[in-house]
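Below is the structure I would like to discuss, written out as structure tokens.
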């Protein structure tokens, strides 16, 4: 295998000494007058030494004095060199290069829209431009993409852990892992999916039973003449609570990290859903000895209200509810603005309404705090009709407060919806990307590392943290072999393959 550079030297140059500039030539002038001609992905660019020497540690600045070092020095910096044209060739992305050379002109680098941040970071590493020159707005995109790749790597690793069997594990550890997989991952098997559907149905049944228990026609009288829930409904609720308790204990004992499991939000919701049943049962049978019966009944009634927490268990089986929760967490600022707008409007319009209605003898606005209720139901477009203005100025004030309330509510809604849609789409893309990586790994293993799978092996090696793709000089064997075979003037085949590589990475977006 003989590169195009060696063939070109054999045809005309003769020896490495021919690479050195002749006395009096343009390249032997002062460093500020040197012209460096680079060809990046077919795009020719002329740069000057005084410009490149501002950052001597970069790859382009090292080209100024590389000719005196011979073949080894030149090949360590570029992919090919034409001694006749004195032109350096690089198999890199020309669009990213146009952004990187901005550091020599403006002292900072801005990433164009549409370029994969991870690929752009690799380009900056190749040209030896420090990331500190990257603008802050572009660094945020890079951090976001890095988090996405870490999430993909985590998901792939979880799937691989589920598929693999560690022979060094004991019987109890394997059993614990199977139980955890059975209860936490419904997609792992058909029985696990059936159990997840059953748990979902029991949550709905327990919620319906809790509501039906408050219907007077379905209640019965106890020995003291008080209305209580029907025994059949109590038995159904007891069966549901028993299932929830068994499910929680099995998940707790099979959890790999029990502290993290106990402090998880959804698991706290599970505890709040089953705890009132046992506390009320304890107070009913033992509390009467320690306190009066009336106090026990009030405490049991208060605990029974806490049963509404079990409806939040549906979030464990609904990705839509999880997405809504995340969107609300990311929208605290918008929600705060909404509450601030409403609070200011409520205070202003309630004070105005109270003042304007004082002239009417049958006014319903007795005080400003009482007017707060009128302002709330008016600005939120509810309007119960229990409090309403009777004067002309009061009605005008009500109309203005209504319009201001509509505007105040509508303004922050759009960012909240955007957060919801962005997170939902991101989760779908990450799930698809993780499955795509697994398909590539399966294709790579089945083909024995040959053909197309060889080109993807370098990508799959980037999955474990840190998830950033390695520099061009450290890629897989098959990829690097293609790099050595691609010494030519155009480099079209390699550029085409590299573009496919980047497009696949951009799918993580």
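The backbone N, Cα and C atoms fix where each Cβ goes, glycine too.
No curator has checked TrEMBL annotations; they are predicted automatically.
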Match it up for me: which of 259-281, 282-304, 305-327 does TrEMBL list as transmembrane segment?
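The range carrying the transmembrane segment annotation in TrEMBL is 259-281.
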According to TrEMBL, which of these ranges is transmembrane segment: 220-241, 374-395, 396-417, 418-439?
396-417
To which of the residue ranges 194-215, 458-479, 480-501 does TrEMBL assign the term transmembrane segment?
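Transmembrane segment, as annotated by TrEMBL, spans 194-215.
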For the feature transmembrane segment as recorded in TrEMBL, pick the matching range from 173-190, 335-352.
335-352
Under an 8 Å Cβ to Cβ limit, what residues of the same chain, 6 or more beyond the ends of the transmembrane segment (335-352), are close to it?
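Residues 328, 368, 371-372, 374-376, 378-380, 397-398, 400-401, 404-405, 408-409, 411-412, 416 contact the transmembrane segment (335-352) from elsewhere in the chain.
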